[in-house]
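Report on one structure; see the data block that follows.
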Amino acid sequence: MQTYLLSQQFNTGSLAENSTVCPANATICNGTSCVLPEDNFNETLSIILSAVLTIMLALVMFSMGCNVELKKFWGHIKRPWGIFVGFLCQFGIMPLTAFLLSLVFNVLPIQAVVVLIMGCCPGGTASNVIAYWVDGDMDLSISMTTCSTLLAMGMMPLCLFVYTKMWTDSNAIVLPYDSIGISLVALVIPVSFGMYVNHRWPSKAKIILKIGSIVGAILIVLIAVVGGILYKGSWTISPQLWIIGTIFPAAGYSLGFFLARVAGLSWHRCRTVSLETGMQNTQLCSTIVQLSFTPEQLELMFTFPLIYSIFQLFFALLILGGYRVYRRYRVKTKTDVEKTEDKEDSKSTSSHAKVNGGFVSNETK
């Protein structure tokens, strides 16, 4: 059992009562010092929550698959223009943006590396949930997430090799291929079952989709809250990382949307590419950071993935809120115009009927 030394100061009057002052779980008590067992509460809680969140995530991705049609999904694979645009955003724009932000804010080398790791990560599954709520192309969203996770096995080492040479040896960064593989399996299998349900039982798939979308929204917020609780002692990092963590996801959303529009994609696909670009797999970034650096180095930048995840969620909710307001206004305006046109048509029809002795042709009915 690992132990650590907890020093407790006692006044001279309490030394004689040392046995009563020491905590009940102390293994050794000598003078003014007690040896206590290591507190594994956070570690245990993290394991339990990880298991629960993994199960919930699989259920959410199953429900998202219920909105994917096999023909449309296969169409994106056969004509992968949208996927190619997403690929350029994911492994072109994001690593370059991370590199430029690190240079502009002149962060420490170890901090620049973690920013670059975040920029090189594939898209996260939360983007699929938000894409559903903003009426995005779910077939494109799922295919982009799947392809970016698969391509990350080759593109992440390449991007890190190119961009981290001026700060550190890229060989010092450990890429957890097993975690990437698990993420891919956890994405593909539930989505495949969802697509099958949608093919066989479309009416039931719609019900599952509505429930899953609500659970997915709750899950995204829950992950951010849990991360804040588990790592509440790691928030003391440099202001530059706070600023980068704020700007980076906003830049990803904006540049992804702009490039998709320049590439000629439709508006709902532009929204999809934007979300897939800005929302990164922060869990994978945290895993890479923990495997690659010492505890002393982790103190300088361990919380950055959590900061990024909070602000990527914040901006995603802003996008969702803005889109919902726009859609409500647009639908209302469109409805008012249609009603006005109907009234004008009815007036012209009635006046036409009076002129023609009350006869109304079948074409005007």
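Note: Cβ is positioned from N, Cα and C throughout, glycine not excepted.
Because TrEMBL annotations are produced automatically, they should be read as predictions rather than curated entries.
According to TrEMBL, the features are:
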type	residues	note
COMPBIAS	336-347	compositional bias 'Basic and acidic residues'
REGION	336-365	region 'Disordered'
TRANSMEM	45-63	transmembrane segment
TRANSMEM	83-105	transmembrane segment
TRANSMEM	112-134	transmembrane segment
TRANSMEM	140-163	transmembrane segment
TRANSMEM	175-195	transmembrane segment
TRANSMEM	207-229	transmembrane segment
TRANSMEM	241-260	transmembrane segment
TRANSMEM	306-326	transmembrane segment
Touch test for the transmembrane segment (241-260) and the transmembrane segment (140-163), at least 3 Cβ pairs under 8 Å | no
At least three Cβ pairs under 8 Å linking the transmembrane segment (306-326) and the transmembrane segment (112-134), pairs spaced 6 or more in sequence?
-> yes
Under an 8 Å Cβ to Cβ limit, what residues of the same chain, 6 or more beyond the ends of the transmembrane segment (140-163), are close to it?
-> 64-65, 68, 73, 76-77, 80, 82-83, 86-87, 90-91, 95-96, 98-99, 116-117, 119-125, 127-128, 131-132, 170, 173, 175, 177, 180, 183-184, 187-188, 191, 269, 272-273, 275-276, 281
